[in-house]
Structures are given as structure tokens and as C-alpha cells.
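Here is the structure we will look at.
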Amino acid sequence: MKASSGDQGSPPCFLRFPRPVRVVSGAEAELKCVVLGEPPPTVLWEKGGQQLVASERLSFPEDGAEHGLLLSGALPTDAGVYVCRARNAAGEAYAAAAVTVLEPPAPEPEPQSSECPPPPPGTGEGAPVFLTGPQSQWVLRGAEVVLTCQVGGLPEPKLYWEKDGMALDEVWDSSHYTLEPDRGASDGGASLTLRILAARLPDSGVYVCHARNAHGHAQAGALLQVHQPHENPPQDPDEPPVRVIEPLKCAPKTFWVNEGKHAKFRCYVMGKPEPEIEWHLEGRPLLPDRRRLMYRDRDGGFVLKVLYCQAKDRGLYVCAARNSAGQTLSAVQLHVKEPRLRFTRPLQDVEGREHGIVVLECKVPNSRIPTAWFREDQRLLPCRKYEQIEEGTVRRLVIHRLKADDDGVYLCEMRGRVRTVANVTVKGPILKRLPRKLDVLEGENAVLLVETQEAGVQGCWSRDGEELPATCQSSCGHMHALVLPGVTREDAGEVTFSLGNSRTTTLLRVKCVKHSPPGPPVLVEMFKGQKNTVLLTWKPPEPPPETSFIYRLERQEVGSEDWIQCFSIEKAGAVEVPGDCVPTEGDYRFRICTVSEHGRSPHVVFNGSAHLVPTARLVSGLEDVQVYDGEDAVFSLDLSTIIQGSWFLNGELLKNDEAEGQVEPGALRYRIEQKGLQHRLILQTVKHQDNGALVGFICPGVQDSAALSIQESPVHILSPQDKVLLTFTTSERVVLTCELSRVDFPATWYKDGQKVEESESLVVKMDGRKHRLILPEAQVRDSGEFECRTEGISAFFSVTVQDPPVHIVDPQEHVFVHAITSESVMLTCEVDREDAAVHWYKDGQEVEESAVIVLEKEGPRHRLVLPAAQPSDGGEFQCVVGDERAYFTVTITDVSSWIVYPNGKVYVAAVRLERVVLTCELCRPWAEVRWTKDGEEVLESPALLLEKEDTIRRLVLPSVQLEDSGEYLCEIHDESASFTITVTEPPVRIIYPQDEVTLHAVSLECVVLTCELSRVDAPVRWYKDGLEVEETEALVLQSDGPRRRLVLPAAQPEDGGEFVCDAGDDSAFFTVTVTAPPERIVHPVARSLDLQFGAPGHVELRCEVAPAGSQVRWYKDGLEVEVSDALQLGAEGPARTLTLPHAQPEDAGEYVCETRDEAVTFNVSLAELPVQFLAPEAVPNPLCVVPGEPVMLSCELSRASAHVSWSHNGNPVKQGEGLELRAEGPRRILCIQAADLAHTGVYTCQSGTAPGAPSLSFNVQVAEPPPVKLVSELTPLTVHEGDDATFQCEVSPPDAEVTWLRNGAIVTPGPQLEMVHSGSSRTLIIRGCQLKDAGTVTARAGATDTSARLHVRETELLFLRRLQDVRAEEGQDVYLEVETGRVGAPGAVRWLRGGEPLPLDSRLTTAQDGHVHRLSIHGVLLTDQGTYGCESHHDRTLARLSVRPRQLRELRPLEDVTVHEGGSATFQLELSQEGVTGEWAQGGVRLHPGPKCHIHSEGRTHCLVLSGLGLADSGCISFTADTLRCAARLTVREVPVTIVQGPQDLEVTEGDTATFECELSQTLADVIWEKDGQALSLSPRLRLQSLGTRRLLLLRRCSSSDAGTYCCAVGTARSGPARLTVREREVSVLGELRSLSAREGDSATFECTVSESETTGRWELGGRALRPGGRVRIRQEGKKHILVLSELRTEDTGEVCFQAGPAQSLARLEVEALPLQMCRRPPREKTVLVDRRAVLEVTVSRPGGHVCWMREGVELCPGSKYEMRSHGTTHSLVIHDVRPEDQGTYSCQAGQDSADTQLLVEGDD
């Protein structure tokens, strides 16, 4: 495929989508994406549908195809979804990402107490925080390294260091590590410095400082890289390599690799000091680069990995390890196997600048060979960045817009995985980029390194767009490191290093470590000890879990299936389960399991069961009850368990087998209840004589009693609780109700402070507790303040009586009046009361009567008259009556302007076949207009309609066409209105297919994709996988009417993909899948063949498949074969082979070659061949041995079952006499156990007895051994105590025995003594020499010996790790440790205090662990403070122990409490010490125990309980003890309002009042009423009332529209829905309609009287509904309904109907027509031009009248010359194509009226 670009380009495509971003408020947020397209797309950013523009905080950086959105100082309002929209000429694409802005953590509140100064920064109570972290370093070998960290936190954290996940003392060679604590840092916090003296290459690695205290753990890491100093100048590559290592002593191993594959070498080296590793190739040191990776694996092995091997990589690779004790080598010879098919010209390494381009070029042997490009293991697809070009045999890869991450290894691959490799180097600010990806196990350390061109520059590390903290970043010169210690799954993501516009990215992947759950406890046992308890014991799991764990104990009642958790235990051992732990009495079983963070172990069930009984205790006892006479008395108590009890009243047992009972007939009634742990006794309606009754409760273990006290209840008002405001209209019934707490208690009513007197208009009633004042028909004078007074308390009512509101009867709608200058305008408003006050307003100002404005009144009708209206009189008029208004809009048009609308030019855009209407409004309804199009008068037709309606003139195009575009004029006299119509084609739509189509085809099938459009001539474009297709022989594009087709005549699998048919405004999608043809076996033709071969021999099975690329699988006897040296599989073109190079009889069987669709079977049989000697054992000829030495002669036959015979010098050899004959498979062996001189000669092994049978001979020579002697002498040695001593000598012959003696005693090998034999060299090694090992060492061989003297010098016992000052708190355990340079003998060191030996006891103990000596002080006391020392014979170290008194701390702090009014609150805290006395305070005032305040303490726990709380109790609760003070907040909230009783369903009659009522739990609360989910608002018909806790909703004059669902809501409480049903009133007609006859132009009035005044009616004329307005006026006067029809017309004749509900009345209206007259006549004289059109027009008095047109007295007939038109009252005569002969007199006859016009014609013919 050649690179090319189409003319149309490619639509935008997102290569990388923006990622969601989470930032803290005030930080910087950045979104990035990569978009490609041709031409380069325009990128816009949007939020909430609005395009974003650059500002001070918002910018849009671009870098080639990378586009970004940078938001500085992010605010919470900036959060949301941001859309990146890319658009070019070829299409559009978009992507979205969310930005989340988090609020910054709130600052810690400052302590209220000023007694203690605030702690220094970083040392506040809490988890450790790193103030200063270690910094990564790059040093030369031998340099000193100092890693320092400083940590804050309280309590002071414990610090320790790790290297590569191991503690420093676990590192093999850590003698040069020194830890220096510094607890006196000036800026606070703990500090621990790691100092490495004379750094070595093995010291390279990741160092992590851990900080841990009771509140948590923190860690920070740094990278240390130790480099070899550059001692020699760089070598000229043309010079031969200089040997830097010793020659190898043995032949290296050989390793073969195919070209383009990876080679991996691994060596494992041990030594002390830890050895330094170097890799060499052909003697030259290797350095890591892009294709050579050097690292150390998790098992400690050193690995060299050569990527994508090439021919130049062949050679000898050596791993050299050296330390101060010596060096060792390991080598391997690498051979690179080159493929047969090779690149004609391979790739060459290239370099390029960042943001530039590079070109990689190679040549293939044949232009038809397909190739693929890779960047390392990632396949590269063609795009704008990676342009792939094929020109003949040349293959090019052009990389555009280079970035740091483009640096790497690139490959071009042919078939057969033949590759050519090249390096691409990107020059820029970043020299060494990050790896593509990094895989790290969970918990390991992750290290990322970047090298920059300039030193000292500041880069930025981020993960998934979020900047990483500075504690894990380090920079030194050109190197930048990111160290992530102990990675977790949350650390995974895309890590980026940015430097200006350059960046490099890696994908950090964290692999989870699978942890096993802990094991179960063992040795579980149950002991039934004391009564009502059970003892459970167990042992910890084996092996114990690695992490912390607990034990979970569960119980199960026998007979139940449910297990219930009892409690959790941290330590193993025993636990006693009392009966109080179970809810009810029963037999219980128990089980236990181990739980840790890694899961739960299986349960272990304790054998047997235990019977447990819960013991009842009194949790909350009985209390004396005081109630009023007639109320219920409730006694209750709470027990600790569910148990039955008995109630007593005055010593008499109350029956509890019934829900209710009675002490005795006619006496006190009671009710007993039990809910769970609570028992209640309710004495109902107690009387005064029950005063002093004693109530008791008894159950097993509990007995309690209380007394009943009854008081005479004072009278009080139950309702209303507050003042009631009531509003009524005159004649309404008013009822004021006051409910008292006592029955028949007297009360007095007052009005305005005066006692009321009963009369017919005011009635006072008393009914039980309720007292009522009734006004049967309220009047305005009854308004006032009413009071119901009794026993000094009162209920108040404010009553307001008003006249009923006035309503406007007509008009009900907005009235629009149009008039011309000097016309009379009348505005009429009718109200329902004649005495109502009416006010008129114009444009908001009240009008006053004058010469130009006349105000009239006629009964309920009020009029405003403009006798001679002027344009300035127009405006907005209002008729205001009470709260109602009627609106009139008056428009006065000057005669000079006939066209009211439109005022300017109108532009109409339409789509073909749409309906277009042009509207022109005139000032008068009888005015005539003329319509023209592009200067020509239009003619009415089905395609063009002219309409006239009152003052409106319309031109209608029912189905507009393209040719209808143009300018239309509506002309009248000298005025015109202009309309410009533009008609366009409708957008193209795809009719078929509507959904995505999926097609499946087989190779070479014809695939047709069809798309049907809404337009025949619409163009389309076809795309495949986002690229526009081009028509070729393999892809044909067709067009047939509205159908468009894409045809693949012979589809191939690569033709599959997503096809898109793009019609501009619409697209259709097709998914095509083309599968390969069936895979067949074309040779052999037979499907089963029988083949025979010799064994052993070469067997080859061969098949040919079609197509040639088909995959096959081979089977033997039903099992798939595996490739090995004995079985090889081959494939070349269509041929597939299976080869057995050395077939044996056992290889016979059934072989099957199987493709996806076919198979062929080979039945292979193997016959044995004659016996042959395959190979003798590798022995010299002749074989020379010494007497007594064993001899073994061996050979191998071609068949294991063959028989052989042995002979010695021609004589048969027999078993025995020191000779042994053996057969081991195909091998035949002759063994001589101890050779002597008689065994010299020729030994022959012959197969078979036939003459000429194959044979094999061996020549054995037995000779005397050479004498044994020592060749070299031992050397005297002097070593230090603890070092190794090595004695070495050489012996001849090499196999001679050597005996070692020490001080004359034979040496026996052991842990300290080691003897080494290597050729002729003999070595004795004495490990860890001690002073007692000094003496003489002797080596003896044969008759010779040699001796040397060993001297052992005593080593000084010095302290490597010295004592450190320790600060401790009284009662803690303190440990002092030192580390010596060697392991000293017991008692080699001694401990001191104050310079004196330290006496040891149970609190002071010492211990030694190798090099470490430890002093332990358990439960340190204040007297233990002082100076402690540790000394040996050669060294001494001192440290100071400081002990501070035990401080009081809170282990569990106080917590804020929120309760409701009347509730109780409990505050509890736990201190670090017992027996502490503290004080509780509220709002700074000390609290003392009382009825509402309970204070108690138990051990370290202190508790405060406050009950009966009110709103005023909110505030600060504090606890003070010694120097400790802690506080919490108490918040008391109001009890939320609830709805006690909601509204009920109602059914009312239309016109009546509906009242909904609900009752609340509180008096002062606002209620919202809703109807059908919508809140209701006040209106004249809707009133709201509040009566104490009752809330009323009153709906007056209900109609059917009021029906629906009503509910009330208060706060969060909502009542259930209540349904209002409005019944229709039964209406009957009292006064029927009367038929009328009237003349045209007169008025007609119809009246109908019905039985109900609140009924609405409906009027009809001729079956058509009538509505007020124009000539129709409708009004209602009580029960009378009136219809007035003015300006009658003949067409008004018909039946008049009035209907009110089911009632109906009919009448007949007859309208007599007036004689037809002309209202407007034609001009007496009219002049027209020749060839033009003449129009004569008249207007008659009524529409439908007939007129007659005549010329010179002769009636004209319609035709092509004359056209008669009629529209309403207008009649026209149109004379077409006027000629001179058309001159004359034209007459129009309308009834008895006529008019003449003289037509004059001007112009030449």
C-alpha cells in the first residue's frame, strides 16, 4: 500500500482522549488530548454547551496534534464536564472529560485552652509526617553518602531504614553503614541519618526510611547509584579490544538465537564483601543502552538481556565478579542464526531533534512482500504521525513531530518474523526517557529515572494528570528520580515527567500479591465449670499469620440454623461466656475462627453444648407517677433480658393473660404491655379516689414498686391555643368555638371588651367541653375582637366581616379594538353589582371625564366613550372593580397608513413542498389589496390561494416549489408590504437502512452494500474504517436513482471493516466480516495411508494444504504431538511436514494431520534393522591403568535386545574372578573390579555368532603407578582473630592422597575445617580462627610431608553501633543496644550505670545476639534516669537515659452529640490512667450530679449523662483532670413538627364551600397546601385559617375545575392525599327562550332563566358555539342568562340553543335581508394603457349579493377577455389585454342600484 492523501481529506480522529482530573481548589487542572485529521482540525473547548474563550485563568496550549485546556486556580464553580470538539472540512469528532474540584481540608480548630502552648509544626498529635525526606544521589565508588530524613508526629515516631526491601542488618555486607539519630533538631521532629562510608557498587539501590507510631505509618525513599570512576580514556573503536579480564580456564557454553529474538544471560554470584559485577563482550566492557538491559532480578541474580539480536551481537559474553578477596568469571558464546530470506538493505540508526521528523528506510527482496513496522513490541499503524510508504522494494517509516517517548528501537518485519532493527535517537531537553511500561509487585519499590540535557533544571512529575508530592522526587545535576516506596494498587497509572514542552511517559502497572487467609485456631476445648457459665479455650493457628489478627467467637442455639457473633478477642487463650451473653434461656453451641486483613479461616466448632440462662437486671426502674383526674397513668420499667413478670396494684395480683382487665366490676381498668425488654402497666382514666395506689412488679431477680398520685386538673383551654384571625363576607354564618379541658365548666364571651348579650343575631351555646358563639347572618358591624374567658384564661378571636367582592361579568377576556381617525370608540364593562365602584385607567393613569373621554353608567354596565378618536387616544385601558380588572387595547390608525402589519420588509425561508403563508393586516376590513410577484400580478390557482378575513389578507402557497422564490408585494393605493421568499431543497435523508447493518461473507463472495436516499440527485461519500474509499477493480461504486451501492466483486478477509455511507446530513453504517475460505488438504488425495519404514531410521510425513497459509495440527494416537529433538514439524509454502530423524519401533502408530476443515491419517509401522554398534564410550586407546584400579569397558548397540559375547585375547570372557558383565538397555558393559598385570590385552565385544558379525575392540594396558610426592611447600601464616587461614600445596600424581595434621593430630573436616581438592592442588581452610587455633599445620603425601606455622592475633572488640540517648516515659520498656565489630565471647562486654557495674535483677536484663548486645529495662522508673555505658577491653560507649513522669492522655476523646428537645445526651471518654478525678462543665459552669445530670466513672472511663434537655442547653461540654482538658459540642434541636391527622376525602356540590382540615403536633407551624402536586396561593375563593394546632383550607364556590387531590405539608412531613369530588348541580329551565324575527343590521336579545344562580351556560347558533366578542355579547344576571346579537346578517338565521348542564332551551332566529345597495362605487372615469389590465371594483351592502356587469348596455360574459371576481362584499371586473377598441362605458347593476365608469385607453396598438 502506497502512502497517498485523498482530495477530501480525513475527518478528525482522537488518538488519545482526555482523562478525568481531580484537583484541590486553587490548584491547576489540565486536560490533554491528541487529535489527527486532514486538513488539521480546528479544536474548540466547551462546557455546559457554551464555547470557552481564553482568559487570565483559562488557556488552550497546543503542541502539534496535542491540544490542551489549562485551568489555573481552579474553583468549585469550575467543576463539570468539558468537551473537546474537533472539526474540519471532512467531518467532526468530540471527546469529553470531567473536572472535579475538591474543597481543601479544613484547618484544625485552635485549642480553646491557653494553658498549653501549641506544639511545633509537624509535631502535632497524629500520624508521622515527613518534614524532610531523603534525596536521591549519584556518586562515584569510594565516596561518602549521607541520607537524612526528619519526621514529625506525636507520640514521637520510631525511625528505621531499609535497603531494597531488607532491613540494614539483613544486608550481607553492611559493616560500613552508620545510623546517626538526631532528636534535638531545631525545627522539631525526629531525625535519623544513614551514613555510608566508602560506597561500593553493590550499595546501589533504593533506601527507604520508615516512620511509625501509634497513629500510623509513613515512608519516604531515595535512589543511590554508585558508578565506577573513569580511570582510562575512551578506547578508539577501530583499535582491537584490550583484554580487561583473565583468560577462561574452561570452554564457554554455546547459545544460539534467531536474528531479531532476545537473548538473556543470568549469573548468580556470592561473596563477601558483596562482589561487583561487570559484563564484557569480546573482552570489552558493556554499558546499558536501548538494546542491552542490565539489572538484578528478585532472586538476586545478575541479568544481561540483549534485545532484538543482530549479527553484530554475536561473540563471547563474560560475567566478571570481583571483590577484595578475588574474582571469578562465567562466559557464554552467543551465535546469531540468520534467516534465509533477508532484507536487501537493513535499517540504519538515525537521530532527530524533538518536534522534528526522522525517516527509517530499508529494502525487501521482493516488492510484493508485505511488511509491518514496530516500535519495540508495539505494532505501528499508518497515521499522520507514523507515515508508512512503499515504493517498489523500498519501505519507509516517517515519524513526524518527534517526542522524547519516540526514542527507542524500531523494527521492520517481513513474513516469517524476519526483522531488521534500528535505533532512533531523539535529541532534546530529555536525554534518557522513561520505559514504555514498568511492572512492579505490590509492596515493592518503584524507581523511575530521567536524564536531562541541562543540569539543575526543574521538572515536574505527575500521575494521571495529578502532580506527585515533592517527598518522592529528587534531582541531582542531569539526573531526576522518582521513588515510590511500597507501591499499592492506587499508585498504578500513567506517570509523566515534564520539562517545558518536552515530556516522557510510562505506564506503571502494579501486580497484586495473593495472600492466603489465616489458619484456624487449634486445640479448641469447652469446659462447663461454674453454674450458668462455660469456659472456652484454644491455641493460636499453626503457623501463625504474618499480619495482625483477631479471633471471632459465635454462638448458635441448638435447634436453630443461625450463628450469631458473640464478641472478638485479640489474644488467644481462654474466655468465659456467662449466661448474660445470651438473649434467652437455652442450649448453645460455640464456634471460633481467625480473622485478618487477608480473609477469614474456616470455623472450628467446640464439641458439645452448654445450657445458659440470662439473668434479669433492672436497667430502668419504676418511678412515681403524678397525673390529673381522668387521665391515664403509665408505669414502665426496662430489664436486661426478655422475661415474664407480674404486676400488683395495692398488693393484688393483676392478671396478665389478657390484654386488658379490671380490678373489680365497676372499678379501675388497666392494660398490661410487654415490648422486648420493656414492661408497661397502663391504668386507664384514673379517678381522685385512686390517689395513693401502690403499683408493684416482680420477676425472678427483680422487685420494684412505685406510687400513684392524682391531682385535681385545673381548667385550661385546649383550643385554640393562639389568637384566631377569621374573615367572612356578609350574610355568612360565623361559629366561634372554644374547647376547655373540663366538661360543663362555665365560660363567658366578650366582644371588644364588653360582655355579649344573646339575641337572634348572636347565640351562645355550651356542649360538654366546647363553648360556641354563633352569628347566624354576619354583618359588617359584627366585626371585632371576641374573647372566651374562664378562670383567668382566655381565647381570642379576631372577626372581620366584609361585603362580598365585586366580579366583572363581561368581558372575561382581553378586548382589542381597532379604529381609524375620528371614529367613535366605546368600551363596555359589566359587573355583578350595580352599586359597585368602577375606575377607568389608561396606560396606568386613572382617566377623568372630558370632551374627548365620556364615562357612562347604565345599571351594572359601565362605558368609556371616545367620540372622535385620534391616534394619540390609543393605548391600554383598564376597568378596575375591587380586585378584578378588564383589559382593552385600543389602536387608532391614521387614514394615511392603510397597512398595519408588516411595518418593514419580511424575509421567508422555506423548504420545497412546505406551506408558506404571507399575512398583511389592514386598518379597515373592507379595504382591497393587490398581490404581485416580481412585478406581475398573481393569479389565484390551486397552487396559490388568496384569503381575506376581516382586516387580514393572506397569500397562501400550499406546496411551495423552487420557482416560487421571489419578491411578493401586497399593494393598496400607494402603499405596499414586501415579502421575499427563498425556497431551498430539503436536507438529504437516508431512507434505508435506518439501523446499522451487519454482513457476513466468505472470501471471493460478492458483497453489495445498498443505501436508499430521500433525493435522487444527492451525492454521497463512502468510507471504510474512517478513510474515504477509492473505486478500483476490487471496489465498485454504483448509483441507481435514489439508491447508492458499494460492491466488492470478490471480497477478501482484509476487505472486512466498518463502511459508512455519508450523505452530508445523514449517514448509514455497515459492518462487513469476510471469513477465509475452507482450509483443505490437497495432497495426498487419499484420507488414509499405510506407510512402512525401518527402525531406527528417518521418517517424514508430508501434506499440502490450500490456501498456503493454513494452520495444521499433528496428532499421534489421538494426542497432539510436541516438538522435540526426536520429532520436528516443518512448513514451507503449502507443504507441511512431520519428521522423525531417528525413528524407533515405539514411534509406530497412527499420525493425523488436521486443518480447520479436513484431516488425513498416516498409519506408520517400523521394522527393526540389523544390530549395529552405534558408538563406544569415550575411552583412550590404549586404556592405561594402574594395578588395583577398576576398569569399565562400555559400548552401545542399535537395539537393546541384541545378544553380544566378550573375549580377551581371543578367549571367551566369563562372569566371575573379578570380572562382571552387565547390560543396561542398549549398552553392554564389562567391569574389571581391580586390574592386575594379567588383565593386559585386547577385549572384543561381538554381536552374534555368525562369521563377519559386527564387533568392537578395546586395548587395556596395566602398569605400575608413579611414586607419590609433594611438589610445593606450605607457607607460614599470620591472621587476625575471626579471619580465615588458607594452607595450600601441590602433589604428584594429581590423584594422590594427602593427609592433613594440626599439632600432630589428623584433621577431620567440619564446620571450621574445610579440605579442597582441585587437580594437583590440595587446600586446607580454617574458618574463623581463634587464639587457640595457633600451632603447626602439616600436609603428608606418601613418604613426604611439609609443615608451616599458624599465628593468630587477637582482634580488638570495637563498637560499630554505639549507644544513643533515650527518652522514655515512666512505665515504658527501654532497650539499649550496641553492635560490635566481631562476635565476642560471653562476658566480653559489661554494662555500667554512673560508671559502676550495673546490678541485674528481674527489671534489668542483658542479652547477646551475635554482634548485638542489648540491655533491657522493664517498666522504667524515675530513679532509673542517668548515664549508662557499655565497655569491652578495647572500647567504651555512653548514653543518657531521661525518664519523664507519666502523662495523662485521652485514649478515646469526647465526641459531639446532637439530640432533640426533651431527649438525653451521653458524653464518654477514656483516659490513659485509672483513678483520675475530673470535673465536668457546661458552658464553663461546673456540673454537679442531680435529677437531670448523672456523673459516674469506672476504671479509665468517665461518663456524663444529661437528660430532659432544652434548646438553651446547647453549648460546649468540657472535662478537666489535672493538666488535661477536652471538650465536645452539645446541640439540642427542636422536635420536628408532624401531622397528627391529615385531611379527609370530601364530596361537595358545585358552588358550595369545601373545607379541608389537618391537625399538627405543634401550634406554631406554617402549612403549605397543595393541589395535584402544585402549591396553592390565596385568592378570593381560597382562604386559609389557623385554629391552634388545626389548619383549615376553605374553597368557596367550588367548580368542576377544583376537583382533584389535596394534601398539606409542614417541614419534611406530608399528609396523605385527600380527594375532592365536585358534583354537578341539577339545573332546570324556569324561563324558556323565545323565537325572534329581525331585519338585517338590527340586534336580537335572547333571555333564559334557570333554577340555579351559580350555573354557567353555553350558547349556540346554528350548531356553532358562541363566544363573547365582536357582534356577540353574553352576560348573566343571577339566574338569568342573556345573549345579544348585534348587526344581524342573513346568514345568522337559524336555531338558538342555551344549555346549562343537562338543561336546554331552544328558539328560532329569522333575519330579513335588506335591499342590495352599493357602498363603494367605481370611479366615473378610468384610464389604462394598451396591453395592460383594467380592474373595476364595487362594494355592496352585504356579502352574497348578485351584481351584473355591462358594456354599452350589453351584459358581459366571463371568458378570456373578461373575468368576474367576488370576495365577500367586494365584486370586481377584470379586463385583460386592453385594446383601443375596449374604450367605452361600463356599468355595474346591484339590485336597484347601478354605477357607470368611462374606460379610456391610451397608447399605440
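Using N, Cα and C of the backbone, Cβ positions are placed for all residues, glycine too.
These features come from Swiss-Prot:
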| type | residues | note |
| --- | --- | --- |
| DISULFID | CYS33-CYS84 | disulfide bond |
| DOMAIN | 128-225 | domain 'Ig-like 2' |
| DISULFID | CYS149-CYS209 | disulfide bond |
| DISULFID | CYS267-CYS319 | disulfide bond |
| DISULFID | CYS362-CYS412 | disulfide bond |
| DISULFID | CYS738-CYS788 | disulfide bond |
| DOMAIN | 804-891 | domain 'Ig-like 6' |
| DISULFID | CYS829-CYS879 | disulfide bond |
| DISULFID | CYS920-CYS970 | disulfide bond |
| DOMAIN | 986-1075 | domain 'Ig-like 8' |
| DISULFID | CYS1011-CYS1061 | disulfide bond |
| DISULFID | CYS1103-CYS1153 | disulfide bond |
| DISULFID | CYS1195-CYS1245 | disulfide bond |
| DOMAIN | 1536-1628 | domain 'Ig-like 13' |
| DISULFID | CYS1558-CYS1608 | disulfide bond |
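Packing around CYS1608 (disulfide bond) is summarised by its Cβ count: 23 other Cβ atoms lie within 10 angstroms of its Cβ, all protein chains included. In this view, the densest Cβ surroundings among the disulfide-bonded residues CYS267, CYS879 belong to CYS879, judged by other Cβ atoms lying within 10 Å. Looking only at the disulfide-bonded residues CYS33, CYS84, CYS412, CYS829, the one with its C-alpha closest to CYS1195 (disulfide bond) is CYS412. Local packing around the Cβ, expressed as the count of other Cβ atoms within 10 angstroms, is greatest for CYS149 among the disulfide-bonded residues CYS149, CYS362, CYS788, CYS1103.
Here CYS738 (disulfide bond) is positioned 69 angstrom away from CYS920 (disulfide bond), judged by their C-alpha atoms. With a cut-off of 8 Å between CB atoms and residues at least 6 apart in sequence, the same chain places ILE808, ASP810, PRO811, VAL838, ARG861, HIS862, ARG863, CYS879, VAL881, ALA886 near CYS829 (disulfide bond), listed in sequence order. Summarising model confidence by region, the domain 'Ig-like 2' (128-225) averages a pLDDT of 83. Secondary structure at CYS149 (disulfide bond), as computed by DSSP, is strand.
Counting every protein chain shown, the number of other Cβ atoms lying within 10 Å of the Cβ of CYS1245 (disulfide bond) is 24. For CYS412 (disulfide bond), the nearest of the disulfide-bonded residues CYS33, CYS970, CYS1011, CYS1061, CYS1103 in terms of C-alpha separation is CYS33. Applying an 8 A CB threshold to same-chain residues 6+ apart, the list for CYS209 (disulfide bond) reads PHE130, GLY133, PRO134, LEU147, CYS149, VAL151, LEU159, TYR160, TRP161, LEU192, LEU194, GLN219, ALA220, GLY221.
Closest to CYS1558 (disulfide bond) by Cα-Cα distance, out of the disulfide-bonded residues CYS319, CYS788, CYS1103, is CYS788. The DSSP breakdown of the domain 'Ig-like 2' (128-225) into helical (H, G, I), extended (E, B) and coil residues amounts to 6 helix, 58 strand, 34 coil. Nearest in space to CYS1245 (disulfide bond), taking C-alpha to C-alpha distance over the disulfide-bonded residues CYS84, CYS319, CYS788, is CYS319. Checked against CYS319 (disulfide bond) by C-alpha proximity, the disulfide-bonded residues CYS84, CYS788, CYS1153 yield CYS1153 as the nearest. Of the recorded residues, CYS1103 (disulfide bond) and CYS362 (disulfide bond) place their C-alpha atoms 35 Å from one another. Checked against CYS84 (disulfide bond), the disulfide-bonded residues CYS970, CYS1011, CYS1061 differ in C-alpha distance, with CYS1061 being the nearest.
Helix, strand and coil counts under DSSP for the domain 'Ig-like 6' (804-891) come to 3 helix, 48 strand, 37 coil.
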